[in-house]
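Engineer: Take a look at this one; I'll ask things after.
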Amino acid sequence: MCHGGRAASLKQVANLVLVVLFLLEVSSVKVKAQPTGHYDHGTLHDSRPEPADAWNWTSSPVHCVGTSGHWCQDFAAQAPISKARHRPRKLDDSCLGKCSGNGVCSRDLGLCDCEAGWTGAGCHLPQFRHCANKHRSSGFKPQGTPLSLSEPGFLAGRCGGICDEALGACFCNGTYGRIPAPPGALPGTPPIQMGRPMVLNDCNPSKDDRGEPTGWGNVEPDLLYGQEQGWCEAANPAHRCNSSTPAAGQPDMTEARPWSAPHAHVPALAAADLRVRPLVYVYDLPSIYNTRLLQYRVVKGSCFWRTFHDSNVSKPNDWAYSLESLLHEHLLQSPHRTLDPEEADFFYVPVYTSCFIHPIYGWADMPWWHGPAGPRVMHTARMLLEAKQWLQTHLPYWNRRGGKDHVWLVTHDEGSCWVPSEVRPSIILSHWGRKDLEHQSNTAFSADNYTEEYVHPEWSPDGWLHLIKGHPCYDPGKDLIVPSHKHPGLIGESPLLGYPERRRTVLASFQGDLGTHRKPHYSRGIRQRLRAVSKEHRWRERHGIVIGGRAAEDYGALLSASTFCLVIPGDGFSTRAEDCILHGSIPVLIMDDVDPPFATILDWAAFSVRIPEAFVEQLPHILGTVPRKQRQLMLQRWLYHRINATR
């Protein structure tokens with residue numbers, strides 16, 4: 001656990017990243033604050049980065065130090081505007097049948113948005129997500145739940161108990177099992193007893209009811225349904241299903257207990273008398289693009305940046321793509337949010353592509369874009385395209401400026417590379433700053449290869465690569481590379497956050513996947529080359545350069561003891577730049593034609609070193625020639641900016 005002071009500092013860091021994110025974005029697209037407080041959207045696509053000599057190291061206010069151009073000063077000097085306007089909205093009962101109690105009514109459009117398990121204009125038609133054992137081979141009707149445990153085939157969502165076919169989630173069938181709502185209950189009535197969950201391999205029975213091997217499970221039935229020790233039958237079972245379930249002695253899902261604290265936080269939006277621009281309108285998209293996926297996720301450590309516990313206690317998790325939900329949640333409560341799209345400077349489009357990629361993709365036989373085959377990134381590219389087409393069909397704001405004032409976030413490994421061309425006029429936020437026009441996927445996961453074509457006579461008759469070709473992954477003239485969200489536990493040993501200072505006894509370090517069992521193109525081969533040359537020439541002993549695998553030694557301690565820290569791509573983006581800076585280590589960028597986070601608005605040359613990929617083997621010589629005084633100056637520059645920005 002963190003000490004109180006350190007926890008407060010970590011919260012400040014997290015808040016800083018999210019609060020300034022849209023303010024920083026303004027500079028990357030050359031939007032200048034006007035005397036009226038409005039923005040000139042005509043400059044959104046001039047695609048000219050700020051000149052290199054425009055960095056501010058003596059400017060005021062202090063949080064603008066180290067930024068490019070004058071955007072930060074313009075923002076700080078702008079005059080506040082009046083309190084939020086509220087447009088007349090349609091009544092809640094304007095939707096068909098009041099959505100049958102199975103959804104919410106969009107008061108702007110008068111359309112129902114159904115919760116998981118329901119569809120139709122009035123959310124009156126059941127929609128099943130079966131716990132299937134295989135994917136369909138044709139058509140658009142989802143594969144059903146198998147009738148017998150002995151039926152062959154396995155998907156992650158296959159169930160050895162009772163399947164909640166609204167979610168594709170598996171629960172026990174026994175004393176501590178799922179008890180459905182009584183016959184004749186109204187649609188949407190919750191079950192009488194939730195039941196203990198049965199998730200993934202820890203809960204799959206190895207034998208069927210006749211004692212024959214199932215062929216897809218690995219848990220003895222007695223550990224699941226034994227009267228004295230079974231997970232589904234015993235009060236204190238010997239076996240527990242999955243790490244997401246409660247530990248011994250804690251309450252389980254069969255017990256009714258309060259989950260919400262008796263108070264609520266009032267968003268800043270409602271309290272602000274005066275506001276400053278930019279004003280952001282957050283689209284309320286159909287839930288299949290975001291919140292429905294949160295319902296479908298069965299493993300709670302994925303898709304969301306935090307997990308919820310008793311009495312509204314929430315704890316952050318370490319999901320690599322958690323900015324996807326974090327930014328959405330923060331914008332909904334931001335003082336920069338407006339409920340009136342007519343006064344908005346920007347329009348945020350929340351589409352959870354990383355959540356779909358994992359764990360939604362392939363868990364069951366739906367949802368898809370548009371059939372159960374092809375690369376995962378093909379589905380997410382079409383997901384983005386359909387969200388854009390929904391905006392064009394239902395609302396006027398995309399067409400007013402051709403989407404140039406719309407903002408999308410794609411957080412996956414090479415996410416910015418597979419954004420459809422029709423979405424490209426918008427501002428793209430991502431973690432991967434690759435700039436070359438002719439590019440190939442470098443991922444080691446074939447399902448994420450965005451240069452792999454897929455053709456199917458029903459689901460993809462024309463392929464999909466034509467949807468994304470013809471543009472770089474990232475355009476520094478309009479897009480922004482944003483840092484990833486870091487779990488506080490990963491930076492608990494940072495001297496910048498109150499941990500005792502360590503001597504910098506390591507010249508440079510890198511710890512992570514070295515590509516030993518990966519395809520040759522993984523990390524562009526850089527990690528593999530470093531592993532080989534550092535071992536052959538004994539860099540650790542001769543130069544104090546530590547190159548190690550994932551569990552080589554304590555990561556935070558190593559970074560805090562390193563003068564330099566290597567930033568190298570993996571399957572796409574790497575979070576090493578954030579790790580370096582948060583531990584007081586100087587980033588060494590080894591990735592040609594790739595920008596680090598906030599590259600267009602922060603003077604990275606002032607606090608980092610960039611080495612061409614071709615010179616990797618010369619790393620000891622290059623770093624050894626950086627004078628000590630210059631190293632200290634690099635540290636001072638970004639540390640000064642960080643400390644003053646968090647005041």
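Cβ atoms here come from the backbone N, Cα and C positions, even for glycine.
Since we're looking at a predicted model, the values are computed, not measured.
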Engineer: From the list CYS105, CYS114, which cysteine is recorded by TrEMBL as disulfide-linked to CYS123?
Structural biologist: CYS114
Engineer: What same-chain residues lie close to the domain 'EGF-like' (91-124): Cβ under 8 Å, and 6 or more beyond its ends?
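Structural biologist: For the domain 'EGF-like' (91-124), the nonlocal Cβ contacts are 165-167, 186-188, 284, 286-287, 292, 295-296, 394-395.
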Engineer: Give the distance between the Cα atoms of CYS114 (disulfide bond) and CYS105 (disulfide bond), rounded to the nearest whole Å.
Structural biologist: 9
Engineer: In sequence order, what residues of the same chain, 6+ apart, have a Cβ less than 8 Å from the Cβ of CYS95 (disulfide bond)?
Structural biologist: CYS105, SER106, GLY110, LEU111, CYS112, GLY122
Engineer: Residues with Cβ closer than 8 Å to the Cβ of CYS123 (disulfide bond), same chain and 6+ apart in sequence?
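Structural biologist: The list for CYS123 (disulfide bond) reads GLY97, CYS99, SER100, GLY101, ASN102, GLY103, CYS112, CYS114, GLU115, given in order along the sequence.
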Engineer: Residue counts in helix (H, G, I), strand (E, B) and coil for the domain 'EGF-like' (91-124), per DSSP?
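Structural biologist: Within the domain 'EGF-like' (91-124) the tally stands at 9 helix, 10 strand, 15 coil.
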Engineer: Quick one: of CYS105, CYS114, which of the disulfide-bonded residues has the smallest count of other CB atoms within 10 A?
Structural biologist: CYS105
